[in-house]
Amino acid sequence: MTALNWKPFIYGGLASITAECGTFPIDLTKTRLQVQGQANDAKYKEIRYRGMLHAIVRIWKEEGVKALYSGIAPAMLRQASYGTIKIGTYQSLKRLFVDCPEDETLVINVFCGVLSGVVSSCIANPTDVLKIRMQAQGSLIQGGMIGNFINIYQQEGTRGLWKGVSLTAQRAAIVVGVELPVYDITKKHLILSGLMGDTVYTHFLASFTCGLAGALASNPVDVVRTRMMNQRSIRNVSNSSYKGTLDCLLQTWKNEGFFALYKGFWPNWLRLGPWNIIFFITYEQLKKLNL
């Protein structure tokens, strides 16, 4: 067992913010695609976007380039908290079980990934709610991050800021429990087999693989989570479209079909792919710094 290392926390946060800035417009189109077509919500009933590219072009044309970065402030704040805690906790937990990366197993990595994903996502949930609300509003957004934070708290209370926290934790458990172990195992296999060295090309291939695995595993939960977070629940007023996460899942499947659970898959993957590539390459380079 080794002492707590602060570097994974700092490097994880910096790499997460870098990756978020580079892929944010794709994440915004994913949110817009996922909230549209809800039969029980008049505001989002219309199918405005045919796909990711159409969404980007239409948002740019109708709302301006700035709208593609609606919610970037809470997104960066989220990565500064979520990304920092996620990577730091994951790496620290692994060192509790084994001292050397070569001794890590898939079971250990999955367990550490799931636990770190749940802890970090629960802490960072308010920033996730803010990001999704601001992304969905686009050019109609009123006030900045602080103003929207206060508005949610005043109208919906503390529950509003932690809306969808169970789904966020479930999604994080799936994403982190899949992505980080897949990256580690892929990288380890490529290096130990002699196919590739510990180079940027290995980091690229491993991060591409883990991004695809994460998107396939998490998209249904992501759709339900997005819709639950975007749903307003005014205190003392019963006007919710969905009674809970299971109800949201069943209504989405019943009203829109099974593949509605994979709405936004392409932007989800096209975001997770580049996001993970940028993140892991940045993270691996930061690890080489002699600090």
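Positions of Cβ are set from backbone N, Cα and C atoms, glycine also.
The following features are taken from Swiss-Prot:
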type	residues	note
REPEAT	7-96	repeat 'Solcar 1'
TRANSMEM	9-26	transmembrane segment
TRANSMEM	71-89	transmembrane segment
REPEAT	104-189	repeat 'Solcar 2'
TRANSMEM	106-124	transmembrane segment
TRANSMEM	164-183	transmembrane segment
REPEAT	198-289	repeat 'Solcar 3'
TRANSMEM	204-224	transmembrane segment
TRANSMEM	264-283	transmembrane segment
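Per-stretch counts of Cβ pairs under 8 Å to the transmembrane segment (71-89) identify 9-26 as the leading one among 9-26, 106-124, 164-183. Across the repeat 'Solcar 1' (7-96), the prediction's mean pLDDT works out to 87. Residue counts for the repeat 'Solcar 2' (104-189) under DSSP, helix first, then strand, then coil, are 77 helix, 0 strand, 9 coil.
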